[in-house]
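K.L.:
Please read through the structure below; I'll follow up with questions.
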Amino acid sequence: MGEANQSRVSEFLLLGLSRQHQHQQLLFLLFLTMYLATVLGNLLILLAISMDSRLHIPMYFFLCNLSFVDICFSSTTVPKVLANHILGRQTISFSGCLTQMYFVFMFVDMDNFLLAVMAYDRFVAVCHPLHYSAKMTPQLCVLLVTGSWIIANLNVLLHTLLMARLSFCADNAIPHFFCDVTPLLKLSCSDTHLNEVVILTEGALIMITPFICILASYVLITCAVLRIPSTKGRWKAFSTCGSHLAVVLLFYGTIIAVYFNPLSSHSSEKDTVATVMYTVVTPTLNPFIYSLRNRNLKRALGKVVGRKMFSVS
């Protein structure tokens with residue numbers, strides 16, 4: 001019976017961010033600009049790190065993975081939004097919707113894990129500088145990233161399978177620009193209690209545990225920084241930590257606001273704004289916040305850009 005009900009909906013309608021034509025044009029240009037900035041900025045980071053042997057250390061290894069994930073993250077949602085606008089259609093198949101949901105939340109989990117891993121890397125560098133090379137071995141770095149990918153895929157597979165078992169009977173309009181969990185649960189005509197419980201328990205554990213690790217790392221880093229006698233050195237360290245924590249709070253704050261509340265407290269407008277922040281804006285800002293403030297990476301980026309310009313001329 002569940003399969004018969006589910007077959008009634010073979011595709012969904014992605015209503016996007018606005019139904020007004022003028023707003024759609026503006027949003028199209030905004031999304032296109034941010035997507036190009038995301039791809040270009042993160043590709044430059046990947047290229048600069050790969051070409052500079054001095055940057056082949058754990059910190060930049062994790063940064064490469066973060067840049068790769070951010071490119072994939074934006075590419076999972078934004079091109080579909082742009083294509084829908086150009087083609088003048090809003091449909092996405094049922095299987096395509098589940099596939100998009102799978103990859104969106106896999107990359108959300110990867111961002112989540114990589115932020116925690118990078119915080120741990122900085123904790124070791126600041127609090128145990130003499131043992132940094134011994135602790136942050138290449139084997140450990142690969143293990144941390146590989147483990148993150150495995151856990152992220154298993155976690156999202158669980159949520160996707162739970163979503164696939166639901167029935168969708170009549171309404172197929174998603175008031176969003178991609179296939180998000182909350183709007184899909186609202187459209188379902190079957191019992192979504194199990195899905196909600198899993199999101200609020202297992203999903204919360206996956207998201208909150210790395211967040212706690214990040215906070216603990218930065219508490220210990222702050223204690224270490226406060227022992228630095230130089231005021232200039234302290235300010236530089238706090239400035240770097242402040243930028244990182246700002247993005248962490250933006251990333252986690254929007255996700256918690258969207259996914260870890262009862263369905264009855266959600267509104268499509270608030271959810272859409274929050275998801276735009278962590279799916280589009282945050283990947284665009286990451287290259288600037290995490291990388292362009294770094295002197296070594298600036299130097300490497302300058303060499304890459306200069307070499308490209310020279311080759312063109």
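Glycine is treated like the rest: Cβ placed from N, Cα and C.
Heads up, here are the entries from TrEMBL:
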type	residues	note
TRANSMEM	26-48	transmembrane segment
DOMAIN	41-290	domain 'G-protein coupled receptors family 1 profile'
TRANSMEM	60-82	transmembrane segment
TRANSMEM	102-120	transmembrane segment
TRANSMEM	140-158	transmembrane segment
TRANSMEM	204-226	transmembrane segment
TRANSMEM	238-260	transmembrane segment
TRANSMEM	272-292	transmembrane segment
K.L.:
Checking distant contacts: for the transmembrane segment (26-48), what same-chain residues at least six beyond its ends satisfy Cβ-Cβ under 8 A?
P.N.:
16-18, 55, 63-64, 67-68, 70-71, 74-75, 78-79, 81-82, 85, 280-281, 283-284, 286-288, 291, 297, 300-301, 303-305
K.L.:
On the 0 to 100 scale, where does the mean pLDDT of the domain 'G-protein coupled receptors family 1 profile' (41-290) fall?
P.N.:
85
K.L.:
So if I exclude everything within five residues of the ends of the transmembrane segment (272-292), which remaining residues of that chain have a CB under 8 angstroms from its CBs? That is, six or more out.
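P.N.:
Apart from its flanks, the transmembrane segment (272-292) reaches 17, 31, 34-35, 37-38, 41-42, 44-45, 63, 66-67, 70-71, 73-74, 77-78, 104, 108, 111, 118, 175-178, 180, 243-244, 246-247, 250-251, 254-255, 257-258, 298, 301.
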